[in-house]
Amino acid sequence: MITIIGSGKVGGDAALFSALKRLDDQILLLDVAEGLPQGEAMDINHMLSEQGIDVEVKGSNNFEDMKGSNIVVVVAGSGRKPGMTRMDLLKINASIVKSVVENVKKYADDSMIIPVTNPLDPMAYITYKVSGFDRSRVFGMGGMLDLSRFRQFIHEATGHSRDSIRALVIGEHGENMLPLPRFSSVSGIPLPSLLPKEKLEELVQNTKQVAAKVIELKGATVHAPGNAISAIVEAVVRDRKQVIPVATYLDGEYDHSDVTIGVPAVIGKNGVEKIIELDLNDEEKQVFNKAVENVKGALSGVEI
């Protein structure tokens, strides 16, 4: 069973995409708001009935119902409002995530946890520490969403098929993210061979800023994060051994320890099966290190 804690727009879309991909026979939507997960589940099930997809989506307000879950996605918390940064949400969401993870420990202690709540990297750290799970079983969704946005900008700039584009974004899921043109390509051709430096810099900045633009225009980002969640879940349940940037706990990798930050990792049935260390240049290291310090600084004022 896949459990998604938080039944708002992103949680609902994550359940929808996961059901359409048939990632499990049972998907549970959990939320403290009476009626919300039940109504969301009903709506999705009606769609699945027309599609002929035999996945059962259930809504509940009882944490005990997550017993037996293989994967728990944590989306619970307050979302960004126009003008807010992800870090503005830290104090609001830290206590919510801690409470949720305590319940995951109690009722689904064999599961993997995928934190999604913003600010993502600090929340992934809190999840890892509070759960006490092995680091392979706690990995946050951040870079997967960022690279989908980076891919879209590459598609718009080159005109090439989205399917031919491979992109990579690491670091903080926030203002200090690190889109990596050197490690991105179109049909195997390195991106710097296709676009001038000025254009690459423009794509990087657009990738960093586009979420705020979407929030300004429609109030929230919904479909892209919902799909990114399902893509990570799919890598686990299908044992894809797929290289995905996830927020995972570092213990010496990239010369950093005791921090959770976005890095490329092999994701399969055992969760984070291997962390891949890239040969970053000095400029890239500077941005990555700044992201690490930002996450550590944010957590310094949080009691775990």
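Don't overthink the numbers, they just go from 1 along the chain as shown.
Placement of Cβ uses the backbone N, Cα and C atoms for every residue, glycine included.
A coil conformation is recorded for VAL116 (NAD(+) binding site) in the three-state DSSP classification, outside any helix or strand. For VAL116 (NAD(+) binding site), applying a Cβ distance below 8 Å and a minimum sequence separation of six or more within one chain yields GLY6, VAL10, ALA14, VAL73, VAL74, VAL75, GLY140, MET141, PRO225, ILE229. The NAD(+) binding site feature in Swiss-Prot is assigned to GLY6, SER7, GLY8, LYS9, VAL10, GLY11, ASP31, ASN93, VAL116, THR117, ASN118; the stated evidence is similarity to another entry.
Summarising the annotation, Swiss-Prot assigns substrate binding site to ARG80, ARG86, ASN118, ARG149. ARG149 (substrate binding site) falls within a helical segment according to DSSP.
Look at Swiss-Prot and you will find HIS173 tagged as active site, proton acceptor, backed by similarity to another entry. The local packing around HIS173 (active site, proton acceptor), expressed as other Cβ atoms within 10 Å of its Cβ over all shown chains, amounts to 32.
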Cβ neighbour count (within 10 Å, all chains shown) around GLY8 (NAD(+) binding site): 19
Nearest-integer angstrom distance between the alpha carbons (Cα) of ASN118 (NAD(+) binding site) and HIS173 (active site, proton acceptor): 9
Other CB atoms, at most 10 A from the CB of ASP31 (NAD(+) binding site): 22
